[in-house]
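J.: After the structure tokens below, expect a handful of questions from me.
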Amino acid sequence: MAKVLVLYYSSWGHVEQMAKAVAEGARETGAEVALKRVPELVPDEVAKQFHYKLDQEAPIATVEELADYDAIIFGTPTRYGNMASQMKQFIDQTGGLWAKGALVGKVGSAFTSTASQHGGQETTLTSFHTVLFHHGMVVVGLPYSFAGQNGVEQVKGNSPYGATTIADGDGSRQPSEVELDGARFQGRHVAGIAAKLAG
């Protein structure tokens, strides 16, 4: 049985919803799944002023625990085509793990949310993949065997690089069912590969 960590940052809850779907998909394989988040860097008064979702139940992860999992699926909103600073700050603390090769051979994957359809989803995911490659992880995306990422009949996220959702500029759009299905698929896919690699 693979041990999977779904680790995310979410300002307004879109990535949180996707993270829960990813975790749900991973659990369907029989994996032992933990759902955690990285610390918030925005001061409380600012977060309240901008209506951040402050009631997220997932516990805060520690950098050291990343080595305990067979797979880590990272979720982050997009900030100018890159991961959010909260996630980057957490990742930047993994130098000790890198020095020990603690994540080499583990499965790594990522998912994201953007305000618009062309708001940097794929650049965020591929830049995240670069981090995973530096750690020696086996990078897994969202294959085209997930048919929900095909077609143009509706506005929707998802790409071969990972599950995605589109929040709209004011955050009013919530993840659609096909986007959540993509997240579940990615969770199942990553957990299945991790189980095979873990033996």
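Including glycine, each Cβ sits where the backbone N, Cα and C put it.
So Swiss-Prot has the following annotated:
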type	residues	note
DOMAIN	4-190	domain 'Flavodoxin-like'
BINDING	10-15, 78-80, 113-119, H134	FMN binding site
BINDING	W12	NAD(+) binding site
BINDING	W98	substrate binding site
J.: Let me know how many other Cβ atoms fall within 10 Å of the Cβ of W98 (substrate binding site).
T.: 14
J.: Quick check: in three-state DSSP terms, what is W98 (substrate binding site)?
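T.: SS state of W98 (substrate binding site) = helix.
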J.: Tell me which of the binding-site residues G13, G119 sits in the most Cβ-dense spot, judged by other Cβ atoms within 10 Å.
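T.: Comparing the binding-site residues G13, G119, the most crowded Cβ belongs to G119.
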J.: Take the Cβ of W12 (NAD(+) binding site) and count every other Cβ within 10 Å, whichever protein chain it belongs to.
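T.: Total other Cβ atoms inside 10 Å, all chains included: 17.
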J.: A 10 Å Cβ contact count, applied to the binding-site residues S10, S113, S116: which residue has the minimum?
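T.: Among the binding-site residues S10, S113, S116, the sparsest Cβ neighbourhood within 10 Å belongs to S116.
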J.: List every residue in the same chain as T78 (FMN binding site), at least 6 positions away in sequence, whose Cβ is under 8 Å from its Cβ.
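T.: T78 (FMN binding site) has long-range Cβ partners A84, T112, S113, T114, A115, G119, G120, Q121, T123, T124.
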J.: Mean pLDDT for the domain 'Flavodoxin-like' (4-190), as a whole number?
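T.: Mean per-residue confidence for the domain 'Flavodoxin-like' (4-190): 97 out of 100.
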J.: How long is the line from the C-alpha of S116 (FMN binding site) to the C-alpha of the residue listed as 'substrate binding site', rounded to the nearest angstrom?
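T.: The Cα atom of S116 (FMN binding site) is 34 Å away from the Cα atom of the residue listed as 'substrate binding site'.
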J.: Can you give me the Cα-Cα distance between the residue listed as 'NAD(+) binding site' and the residue listed as 'substrate binding site' in Å, rounded to a whole number?
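T.: Cα-Cα, rounded: 31 Å.
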J.: What is the interatomic distance between the Cα atoms of S10 (FMN binding site) and W98 (substrate binding site), given in whole Å?
T.: 25
